[in-house]
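As given in TrEMBL:
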ACT_SITE  H131  active site, proton donor/acceptor
ACT_SITE  C193  active site, acyl-thioester intermediate
TRANSMEM  227-245  transmembrane segment
COMPBIAS  254-293  compositional bias 'Basic residues'
REGION    254-332  region 'Disordered'
COMPBIAS  304-315  compositional bias 'Low complexity'
COMPBIAS  323-332  compositional bias 'Basic residues'
Amino acid sequence: MCSIPLLTGWYSQKKTQNVLATYEQVVEQTTGDEIEQLRNQADEYNKKLWAESKGVREQSEPDQMEEYEGLLNVEKIQTGMMCVLEIPSIDLRLPVYHGTSEAVLNEGVGHLMDSSLPIGGENTHCVMTGHRGLASARLFTRLDELKEGDEFFLEVLGEKLAYKVEGINVILPEEVESLEIRPGEDLVSLVTCTPYGINTHRLVITGKRVVYEEKKEEKIKKKRPSVREMIFTMIPILFLVYVVIERIKRKREKRNCEGKRKRNRNQKRKCKHYRRKKRKRKKSRRQKRKMQKTAKWENQMRNSSSFDMFSGGSSKEPGVCRNRNRNYRNLY
């Protein structure tokens, strides 16, 4: 059971890599005219959003939903992926999908429908959301490690857009004022739940568009995982090691018990044999002493001049001879 988070995390990472590789291949195979058409459609959507609401709309109609899902969808396999989010400092590269349904957020990052599409430009504010603390994937788990001045990137239709973090805020779920479009600015906000494991508020990290420099991106150093991240990563590993050690101990104890039982059986057998031999030795010693005693009496009887075997004694000492004769008979 303890290896499940490791296996699911590895599987999710491999699956994400395959999705990103497929997206890049499809973009490369797409003609320039098709990419330009998709870009123009997304730009018109952003302008319409700015003109109508000047921010985030509260509700969307079904026809708007259908139109929205067709924008920036260059893939023919209908996965709903629109771009790639990359945050080098925390070693994160995830696909961005249309909408914020639970199925989408379990696979990657979701784009808030009523916010600007991630193609950049003035009067745009793209909002992306993601989960934290999932056992099956990292997603936005390390998003709180970002600091002001850090950069993240969007890969859209073969173009790379750079954004520099300028604001980090913690808000309530109903507070959407910070997600509204700011006139003349090109913004992207990354939103996730906070505090970790409690999820009563929302962490909003807002980045402002800057000029993309490839050399600058290569110089970005990856941050070391936080203590929390290391603890949550090590817990299943330590638990797995503990289970393996316990199993080895149990096997050894079982072997030792079986060995002790065998030794005890052998000892019992040896003890029985020893006691049997001891009894035999005692019996043989008693018999030997009895035989020696008998032989001694026989010698005494033979050597005695006052003993008469048939009459029971001599005429001089009838009592003594009679007693000796009786003792001699008792020996047999």
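Glycine is no exception: its Cβ is also placed from the backbone N, Cα and C atoms.
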- Task: Calculate the distance in Å between the alpha carbons (Cα) of the residue listed as 'active site, proton donor/acceptor' and C193 (active site, acyl-thioester intermediate), and round it to a whole number.
- Result: 7
- Note on the structure: Under a three-state DSSP reduction, the secondary structure at H131 (active site, proton donor/acceptor) is coil
